[in-house]
Amino acid sequence: MQRLQLLKDTFFGLDVAQQQLLIGCAVAAAAAGGILTYAMQRRSKMRTIPVGEGWWGAGEKPLLEDQKIYPFTVETSDEEIEDLYERIDKTRFTDPLEDSGFQYGFNSTYLKKVVSYWRNTFDWKKQVAMLNKYPHFKTKIEGLDVHFIHVRPLQNGDQRALPLMLVHGWPGSFYEFYKILPLLTQNQNRIAFEVVIPSIPGYGFSEAPHKKGFNSLAAARIFLTLMERLGFSQFYLHGGDWGSLITTNMAQMRPDCVKGLHLNMCMSNRGFKVLLSIIIGPYFPFLVGLSQEDVRRMFPFFQKNVWEILQESGYLHIQATKPDTAGRGLNDSPVALAAYILEKFSTWTHLKNRDLEDGGLERKFSLDDLLTNVMIYWTTGSIISSMRFYKENFSSNLYDRIDTRTGIFVPTGVAAFPQELMHCPKSWAQIRYQHIVSYTFMPRGGHFPALEEPRLLANDVIQFAKTVENL
């Protein structure tokens with residue numbers, strides 16, 4: 001009764017135009033109901049997508065492929081470091097506009113401080129030793145040397161070791177997960193994870209594809225092969241950014257293998273339900289499955305989901321069309337590369353960081369961590385191939401791809417961080433992910449939670465796995 005009274009009071013508190021709009025939406029909803037029901041029933045019949053096959057190595061596919069797994073060690077040399085220093089020393093800086101903060105991109109005044117630290121204090125050899133504290137491996141899959149880390153938990157009595165793959169995105173790397181690794185591999189009420197962290201082909205120490213067309217579906221298939229090669233018949237997945245799409249595709253291809261899918265970023269399909277939520281949500285959120293926290297994070301919708309995204313998606317349009325052009329400069333200048341990558345770690349952590357001269361970078365991250373991630377791109381020369389992943393995935397309409405038209409039916413958990421670029425309410429996520437067993441409004445954090453808020457993310461992954469294990 002209270003909701004009905006609230007509905008009545010709110011409706012009659014609107015002006016005539018708003019009342020007519022809501023009435024029109026209600027009529028449209030009724031008319032579209034039958035069509036939507038039919039469409040959803042039709043979609044629900046599609047429970048998997050084809051695994052497919054591929055070959056991304058140079059030249060023709062051989063009759064046999066080496067399937068052995070080899071240890072790998074991250075290495076550096078004095079020559080590599082001297083080349084870096086020579087290029088840094090030849091950097092041409094441009095003065096920023098007065099009082100511009102990070103509004104025009106990476107502020108050059110602060111960039112000089114970062115570069116000075118990089119040149120005079122940052123110890124790459126020390127960081128290489130730190131990277132090697134976990135065991136690295138490589139194996140050949142579909143013609144590519146795929147790099148990954150494999151960390152087993154310490155055996156402790158009757159604890160269960162649950163296999164878990166963590167998948168990064170752009171402009172991150174496997175290093176994003178170094179702070180969360182010890183939290184996941186330690187005993188948590190008789191549960192610990194055996195963690196596998198691959199580098200997406202074309203990123204870091206994974207070989208770049210030699211042929212066109214390597215998209216998230218191809219990456220998903222390669223990572224499924226990796227888990228099979230490691231002897232895992234069932235496992236958990238976690239992903240953010242591109243990793244969320246890759247792990248989603250893995251769950252669509254082999255739902256029998258994926259015990260649970262955990263995401264810190266997810267996107268919903270377009271559709272009438274989403275449109276209705278946008279129109280009615282600010283006035284009657286409970287009618288369209290939105291909570292007050294959803295409303296706070298989503299509205300005003302145009303400002304937060306259109307204008308802000310337009311301001312922050314210029315890189316996407318470049319990388320989805322002509323990645324090699326911009327990438328040439330980044331691959332040749334370490335300072336340009338650092339500015340391009342670290343600007344994302346500023347803005348995607350909190351949009352208000354754009355107003356700060358230092359971009360707020362050191363509020364959540366250390367320069368050692370940030371520059372280690374940059375150095376992984378620099379020393380492997382992988383910035384261009386990582387940018388190409390956008391081109392390959394946007395070469396056709398994502399909404400026409402088979403994975404977009406197919407639901408996800410494995411147990412799914414979502415950690416919704418408040419400063420993520422776009423907020424996806426649970427009611428929207430359920431359009432695609434049809435078995436959400438946990439959805440958590442995280443108290444703080446942005447796009448890189450494993451590096452920014454490792455304890456929060458680890459706790460949510462652990463709680464999600466416990467929930468699934470008890471289903």
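Just so it is clear, glycine is given a Cβ too, placed from its N, Cα and C backbone atoms.
Features reported for this protein in TrEMBL:
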ACT_SITE  Asp241  active site, nucleophile
ACT_SITE  Tyr390  active site, proton donor
ACT_SITE  His447  active site, proton acceptor
DOMAIN    70-177  domain 'Epoxide hydrolase N-terminal'
TRANSMEM  20-39  transmembrane segment
TRANSMEM  272-290  transmembrane segment
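Within 10 Å of the Cβ of His447 (active site, proton acceptor) there are 22 other Cβ atoms, across all protein chains. Assigned with DSSP, the residues of the domain 'Epoxide hydrolase N-terminal' (70-177) fall into helix, strand and coil as follows: 37 helix, 25 strand, 46 coil. Restricting the average to the domain 'Epoxide hydrolase N-terminal' (70-177) gives a pLDDT of 96.
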